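Enquirer: Sharing the record's features from Swiss-Prot:
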type	residues	note
BINDING	434	heme binding site
CARBOHYD	112	N-linked glycosylation site
CARBOHYD	183	N-linked glycosylation site
CARBOHYD	266	N-linked glycosylation site
TRANSMEM	5-25	transmembrane segment
């Protein structure tokens with residue numbers, strides 16, 4: 001009898017300790033944001049999250065408000081779906097939310113949390129951010145690689161020309177746009193072209209496939225990041241998979257560094273990073289350099305291609321908008337030469353189309369997760385230290401309180417309007433926003449403008465283009481875009497000059 005009493009007492013103490021660890025008294029007394037109610041043991045509210053995270057959280061926000069909380073395993077998560085709350089997070093509380101949660105993916109793909117995207121806020125992150133702003137994404141650096149972008153866009157046009165023939169021909173856009181983005185980034189980074197005529201690299205195909213796998217495994221969708229027990233048993237072999245991906249990516253990146261050391265051309269980003277390594281070898285190790293290259297390839301390969309694919313899908317479903325954009329290009333650029341980057345500031349309607357694509361189909365529907373480094377308040381609610389912040393940009397871009405008819409494609413809504421960053425955030429907001437937004441907008445603008453200028457476009461059949469989205473950190477189309485295109489006279493002229 002006495003031993004049973006001791007056993008029950010022991011179990012009660014253990015359960016109380018676990019309860020206090022998961023749900024501290026100080027937390028329960030706070031004015032936390034609304035929540036879906038009693039969380040299930042161990043998993044919390046994870047059962048409420050569907051395959052498309054942004055849609056699951058949007059549905060919950062309609063019930064619990066634009067600021068609500070979830071208990072995902074043993075982690076408290078703040079979900080923000082309004083411009084006002086996002087602005088408060090990234091202005092008043094910008095430093096508090098400058099940290100990143102230490103998810104499993106960051107350990108392997110992010111070189112043990114040392115990359116600019118995944119590293120904790122601090123001196124190391126500031127060094128990387130400064131390097132990106134001054135050495136990689138400054139106006140001077142981008143202008144230095146202008147010829148690469150224009151050449152790759154021309155190569156895309158020639159590839160489509162060969163695929164379509166003289167009349168309307170069927171083309172699949174996803175792979176071609178991905179190859180363009182990959183080539184642009186790789187030529188800037190390593191001076192190598194991997195896809196296109198007379199170039200076909202199995203190694204690059206493998207690496208691009210690995211990038212796709214990274215985006216599939218990224219975000220806040222891995223249960224093991226929230227439930228330690230699932231990480232201990234390696235739920236669905238997640239950790240084993242990302243470890244294997246990281247090893248293969250690391251080998252590819254190390255080969256790029258090795259080749260640059262041998263060639264010493266001094267014209268690529270790797271060349272520049274290796275010169276920094278010579279002066280500061282203790283800081284710019286191969287691991288740090290590989291992490292920088294990794295971020296450039298991940299950020300530069302998928303997002304621009306996805307955005308152009310969404311934009312073309314929207315235009316094919318709205319041919320009158322496509323025609324209006326073509327008329328603007330012919331008026332501002334003419335019909336005797338290809339569109340150039342220097343033309344983009346004059347093409348306001350094209351810019352409006354891109355902004356509307358960013359709004360309706362953001363490449364990153366959920367911003368990269370943040371984590372609070374201290375207690376703070378958001379919209380009057382208490383947010384404890386260590387809370388994960390998820391900002392639903394997809395929902396903010398469809399907020400009916402700010403956007404008129406938010407589900408409709410209306411580029412005109414952006415005409416002459418200077419939007420606050422909290423209303424349209426395709427590249428994030430605050431000090432950890434994407435530093436490569438300038439490059440992305442140049443690539444997207446030039447590519448989309450050239451496709452409109454050089455081809456007639458039609459849907460395959462009468463049915464509208466399927467606009468369903470797929471899953472992942474970026475938001476791909478569930479069905480890759482296929483369309484009919486026919487070369488216009490301007491492209492015939494370009495082809496004759498090239499041959």
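Just so it is clear, glycine is given a Cβ too, placed from its N, Cα and C backbone atoms.
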Enquirer: Give the number of CB atoms, excluding that of the residue listed as 'heme binding site' itself, located within 10 Å of its CB.
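Expert: Around the Cβ of the residue listed as 'heme binding site', 22 other Cβ atoms lie within 10 Å.
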Enquirer: Sequence order is fine: just name those recorded positions in 112, 183, 434 with a Cα within 10 angstroms of residue 266 (N-linked glycosylation site).
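Expert: So far as Cα distances go, none of the recorded positions lies within 10 Å of residue 266 (N-linked glycosylation site).
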Enquirer: Hey, of the glycosylation sites listed (112, 183, 266), which one tops the CB count within 10 A?
Expert: 183
Enquirer: Taking DSSP as the reference, which of helix, strand or coil describes residue 183 (N-linked glycosylation site)?
Expert: helix
Enquirer: Using Cα coordinates, what distance in whole Å links residue 434 (heme binding site) and residue 112 (N-linked glycosylation site)?
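Expert: So the alpha carbons of residue 434 (heme binding site) and residue 112 (N-linked glycosylation site) sit roughly 20 Å from each other.
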Enquirer: In whole Å, note down how far the CA of residue 112 (N-linked glycosylation site) lies from the CA of residue 183 (N-linked glycosylation site).
Expert: 27
